[in-house]
Amino acid sequence: MSRKLFGTDGVRGRANTHPMTAEMALRLGAAAGRYFRRSGEDHHRVVIGKDTRLSGYMLENALTAGLTSTGMNVLLLGPVPTPAVGYLTRSMRADVGIMISASHNPAHDNGIKFFGPDGFKLSDEAEARIEAIVAGEIIPAQPQNIGRAKRIDDGRGRYVEYAKTTFPSGQRLEGLKVVVDCANGAAYRAAPDVLWELGAEVIPLGVSPNGHNINDGLGSTHPEACARAVLEHGADMGISLDGDADRVMIVDEKGQVADGDQIMALLAARWAAQGRLRGGALVATVMSNLGLERFLQGRGLRLERTAVGDRYVVERMRGAGFNLGGEQSGHIVMTDYATTGDGLIASLQFLAALSDSGQRASELVAQFEPVPQLLKNVRYAVGADPLSKDSVQAEIARAEARLNGSGRVLIRKSGTEPLIRVMAEAEDETVLREVVEDIVAAVEKAA
């Protein structure tokens, strides 16, 4: 069963443009209601969270209309991080959770992603079935069975309390000055609250959302803002979250940025030493640096690679019983604590290491020397397929032959935008640059 609406992380697009319209959100809500309703006529429960985009109000109301029309009761959480929706779906015994967010994308985009009753994102098959219902006739509930909607005032507070329980109970953050950049997004209140309540001196950044400024020069895709604040305030470290707080970058006291690979390396080594790393493996995507793989091998650990997307990381982790995984982009998945990437809880794990190690953040973040990596994006026309062109495949083959096992080449389509991502790694930076530029030129010509 194919999927056209759903990408690698739910349904996403420009607000008020297909598929991110009120009409489509209403149909998605109704289709999800039909898909998740158990047998019988009893009402069922849905939790809906959102980030701080202006279009979130429109999509929230449309989804609510669709869901209640099929007999689902809707609990509205307001602005909360994506991982909070996963957690609250499970803790509130909901049949489905929905997050309205386009994550790290600009404010003019938005998205809708679904969580099952276990708090995990839906499988490809489940999304395809919902999509099939969207395309057909959706039978509404009888008038007496229409659902209700209710705002939940303490949804954020429940998540804050849960997040604190993931930090070692015998430790406090007193004496640590921490910058936290919330990207004017979903964690703009939750993240500073958690850090302050654990004892840190908190320097908040990106905590004034206005509906239009989410991810605007801030957050995990712009960690330089957090780095400047760390240096300006003489902070011990910085935390740079994205718009829905499922990604994080760490900034050390020198203003140096550690990506998801470095964070995962630290946690894997630390957990392995503590006997907590299940299966002796870390799950990451094909985008993770070759240096991470070599770092793990040097410690008798394995790197299990998946397709790009934290959902695929989670699927591998659940299928094989691993408890640590993530992406270079900053999704850190710890299934002992969360059902999806959780930037705040990952930060707390880093802070726990910082607190009990007696080291500075700069000593913790540089776990391995990355192999030089270069990534470039090439936009292509909708409907075009540059990767199918013989000229592009020939250029990729030439690049692989030139690297001759000393590096790697990865070319893929983005799952959320009409982009071809051209990535390569090589010890020789001149060769690396030439290889990527040659492939980019071939893709641009075919696009």
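Each Cβ is built from the backbone N, Cα and C atoms, and glycine gets one as well.
As annotated by Swiss-Prot, active site, phosphoserine intermediate applies to S103. Other Cβ atoms within 10 Å of the Cβ of S103 (active site, phosphoserine intermediate), summed over all protein chains shown, number 31. According to DSSP, S103 (active site, phosphoserine intermediate) sits in a coil region rather than a helix or strand.
Around D242 (Mg(2+) binding site), the same-chain residues six or more apart in sequence whose CB sits under 8 Å from its CB are S103, H104, A183, G185, N215, G219, S220, T221, V248, G330, G343, listed in sequence order. According to Swiss-Prot, the feature Mg(2+) binding site maps to S103, D242, D244, D246, an assignment based on sequence analysis.
The phosphoserine annotation in Swiss-Prot covers S103, and the record cites sequence analysis as its basis.
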Within 8 Å of the centroid of the Cβ atoms of S103, D242, D244, D246, which other residues of that chain place their own Cβ, given that this set defines the recorded Mg(2+) site?
D51, P81, T82, S101, H104, G185, A186, S220, L241, G243, A245, R247, G341, G343
